[in-house]
Amino acid sequence: MSGLTLGPTKGRWITHLSRPRSHGSPGLFVPPSPPLDPEKIKELQRFISLSKRLLVMTGAGISTESGIPDYRSEKVGLYARTDRRPIQHIDFVRSAPVRQRYWARNFVGWPQFSSHQPNPAHWALSNWEKLGKLHWLVTQNVDALHSKAGNQRLTELHGCMHRPGIKSPVPELWGADCRRVLQDRFQALNPNWSAEAQGVAPDGDVFLTEEQVRSFRVPCCDRCGGPLKPDVVFFGDTVNPDKVDFVHRRVKEADSLLVVGSSLQVYSGYRFILTAREKKLPIAILNIGPTRSDDLACLKLDSRCGELLPLIDPQRQHSDVQRLEMDLPESRC
């Protein structure tokens, strides 16, 4: 399918979209889910009402309703739609052609990716923070939608595509170009280059042919002259240990944990579920489809994040309940 086209026109660059922007097709990448269950809504309301120091962890499933595809969703995720796989850290670091392909695809996809907006689930979590319900928010996403919604008690576990830092693989030589300046540098180096994407992928990526990529020129870091790397954690890379320790401390401060839109297949997020289990925290999971931690959860909900979270009142109290417990075996909580 044809996604978008990027090319020069009279000295400037324009993007042609051949499909609606994210706010026009919010369900395009959302997997099928059952209707909302009133009893499940009540159970989640009770879980949230009884939580005093709630930690929320989000994954790609919260952003599919903003028009950003994920990797693993049934029928609509990247793995289900194509045989393509995300870039690996070691390949990016070792191979100039891999970096060329990455940046060409990212350059074309950036105008659309950066235009995505928060959906009702993001706004709900932002409201929870403002009302004092949310102790901390940890996201595995790099789309900046939580920041756009106003969350400040936030850790972006895998970095952020919007962040100004564009990093060399050598940490002490990290540059500081902002993304807008970087786009301008790409344009200056490729004044006659144009490309039509063959589909949209997660994390600001699009599909291009090898022929389209071959002539794309990539600038070096303006400080060290080395390869540019975005401020994100690629597959196969490791999260900064200081950031991991910081999140572990936030989990240990919490009294409950809610997972939103994540299958928890990636260990970088799953490890915090294990920490929560060791601390005997109640765990609730909102995700369409099975997750790696369903057997550890007191409550599992298969609903759209943007439909369910806005229904929860973070200020509702349950004065008749003295401690947090779900109507499931004690061993599961």
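Glycine is no exception: its Cβ is also placed from the backbone N, Cα and C atoms.
The model shown is predicted, which means the values in this text are computed figures rather than measured ones.
Annotated in TrEMBL:
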REGION    15-34  region 'Disordered'
DOMAIN    34-327  domain 'Deacetylase sirtuin-type'
BINDING   59-79, 140-143, 261-263, 287-289, Cys305  NAD(+) binding site
ACT_SITE  His158  active site, proton acceptor
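Long-range Cβ proximity for Gly59 (NAD(+) binding site), meaning a same-chain Cβ under 8 A and a gap of 6 or more residues, is found for Asp70, Thr139, Gln140, Asn141, Val259, Val260, Gly261, Ser262, Ser263, Leu264, Gly269, Asn287. There are 29 other Cβ atoms within 10 Å of the Cβ belonging to Ser63 (NAD(+) binding site). Averaged over the domain 'Deacetylase sirtuin-type' (34-327), the predicted model has a pLDDT of 87. Cα of Gly67 (NAD(+) binding site) to Cα of His158 (active site, proton acceptor): a distance of 20 Å.
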